[in-house]
Amino acid sequence: MDQIWSMLSDPNMQWIFLGCTLLGLSSGVIGCFSYLRKQSLMGDTLAHAALPGICIAFMLTGVKSIGLFLIGAGAAGLIATFGIGYITRHSRLKQDAAMGIVLSGFFGLGIVLLTLIQHGDYGNQSGLDKFLFGQAASMIGSDVLTMSIVCALLITACTLLFKQFKIISFDPGFARGIGYPVAFLEQLLMLLIVVAVVAGIQAVGVVLVAALLITPAVSARYWTDRLGLMVVLSGLFGAASGAVGTWISASVSNLPTGPVTVLAATLLFGVSVLFGPKRGLVAKRLMRRKVKQRFNRESDPLAQSHVKKKEAAL
Amino acid sequence: MSEFWILLTGALVASCCGILGVFLVLRKMAMIGDAISHSVMPGIVIAFLLSGSRDSLLMMFAALIFGLVTTFLIQMFQQSGIQSDASIGVVFTALFAVGVVLVSLYARQVHLDQDAILYGEIAYVHWNIWELGGINMGPKAVWLLGFTLLVIAAAIGLFYKQFKLCAFDPALAAAIGIPVALFHYLLMGLVSMATVSSFESVGAILVVGLLIIPASTAYLLTDRLGVMIGLSVGAGIASTVIGYYAAALLDASIAGCMVCAAGALFALALLFSPSQGIVMKKLRLRRLAS
């Protein structure tokens, strides 16, 4: 425990801690919109698809910089989105199969490239496999800075375009009717999801970064029916899980950040499922009991009078 | 000889996955297959920690339980009002995270390599030999996969009509008294079995590629279920063989190359399938116009 506290006084660690919290916050905020637009698994697909992008960026430049990886992964993510759209539009395969194909195909390609890099003579390649499960502690100052700036930009974009995103999440037809550029906004939202996923890769890893988009949003949905509040709550849940994940993984050796962050988010999800007002399991159970009691109370005299009538008839 | 065993293992994996993948694609549950292949991970690790060996029936059993738990949890959250894809996302990331944490915590003490679980080690298959009374019976993985394939073929063969009806028209199936939920869980159980017996060869993440991609390729080529299963298995085996030689040529991951080969075959089917292919449709239109 002392070790964990002393870690927080390390300035480098403070930066990483801050970066991951910010990352959780921004993914939680974006995740709300992708959840409401029924695109939760899109984040997962984009994250897996980012792996070959990262590998190609590294093979071309030979540098491990988060900025370059952002570009590579972003390009791969856009190709993946396009691929999914193309398959669903031009064949009879449904979206889930298209996502599965693109996800595993790109990931397979990524693994091939990763092994090529490992077997080839690229200097300075160690640690590239950290991208699979994330290792926040391995980030250096400039990485944290890039990540923080990206996350801040994401949050700003969501705040500025809140009204527009709200309307295309709930009623795209109406948005088109009142003259919003719906196609553009949808593409923009997709781009923001790609950026959020890519920004999280170094901290949380390719395989699990999607959970940062999905789980906080679903948890927040249990507490409220208002989008504004949901976005805030989801951001807070995401930030808390990012912080806890970094904190625990940095203090236990050889423990990747991604899974710990996801487990923290899942814990919050479990609490929400149980104790969410109205939707939570406990609230539902209480409500059911109350209704039952009321029903018994109200139907009791009725039943008695029914019995009496029967007796009178006999 | 090693080449033969590797190719045989790959062909068995492709057959197991190819048969089941057809039903996943037809029932629009491709992503549930993905979820199961991720979430059997803690089952594999827990069984490994308990038994200390890599090829036990316990592992199969644990993975089966986790596969069914995944299916059940997804169903439960869906019924409590969460969108289906979000509930898939929440469940499998959580279970997979548990698995990775367990591996990272205990990997030092036991011989369980994180990379082996994720990408498989099909190249070492022929070193893990099963000996019975001093007689060399061939690689253990081949026996395990053969057994799994037998179970899958038996289950699908016995209940072919029921599975077919559930795949195309679950409402009708329920109306004429087929226990649709039972067959749903049976299918999911088979998928988890296939995943766990393949994980050693191709890894937990890439199983999903062999589940979905060959089946989708077959879906583009035919309209008949029986033919589709055959084509799916064929496409799977072809991608195994192509992938193996490509990997030998490039000196890269065999499992990765197998999935890439499957992806390439799918792209070919998408473009040139006689009935559905994009290029073929264009050609037909042009011929009609002229």
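Cβ coordinates come from backbone N, Cα and C, glycine included.
Taken verbatim from TrEMBL:
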TRANSMEM  B:6-25  transmembrane segment
TRANSMEM  B:32-50  transmembrane segment
TRANSMEM  B:56-74  transmembrane segment
TRANSMEM  B:86-107  transmembrane segment
TRANSMEM  B:141-160  transmembrane segment
TRANSMEM  B:172-196  transmembrane segment
TRANSMEM  B:202-221  transmembrane segment
TRANSMEM  B:228-247  transmembrane segment
TRANSMEM  B:253-272  transmembrane segment
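At the 8 Å Cβ cutoff, the transmembrane segment (B:253-272) and the transmembrane segment (B:202-221) share at least 3 close pairs (sequence separation 6 or more) and count as touching. Across B:56-74, B:86-107, B:172-196, B:202-221, the stretch most heavily in contact with the transmembrane segment (B:6-25), judged by Cβ pairs under 8 Å, is B:202-221. The transmembrane segment (B:56-74) is not in contact with the transmembrane segment (B:228-247), judged by fewer than 3 CB-CB distances under 8 Å for residue pairs 6 or more apart in sequence. Below 8 A, the CB atoms of the transmembrane segment (B:202-221) and the transmembrane segment (B:32-50) form 3+ pairs separated by six or more positions in the chain. Tertiary proximity for the transmembrane segment (B:172-196) is limited to same-chain residues at least six positions away from its ends with a CB under 8 Å from its CB atoms, namely 16-17, 20, 23-24, 27, 32-33, 36-37, 40, 43-44, 59-60, 63-64, 66-68, 70-71, 148, 151-152, 155-156, 159, 162-163, 165-166, 204, 207, 211.
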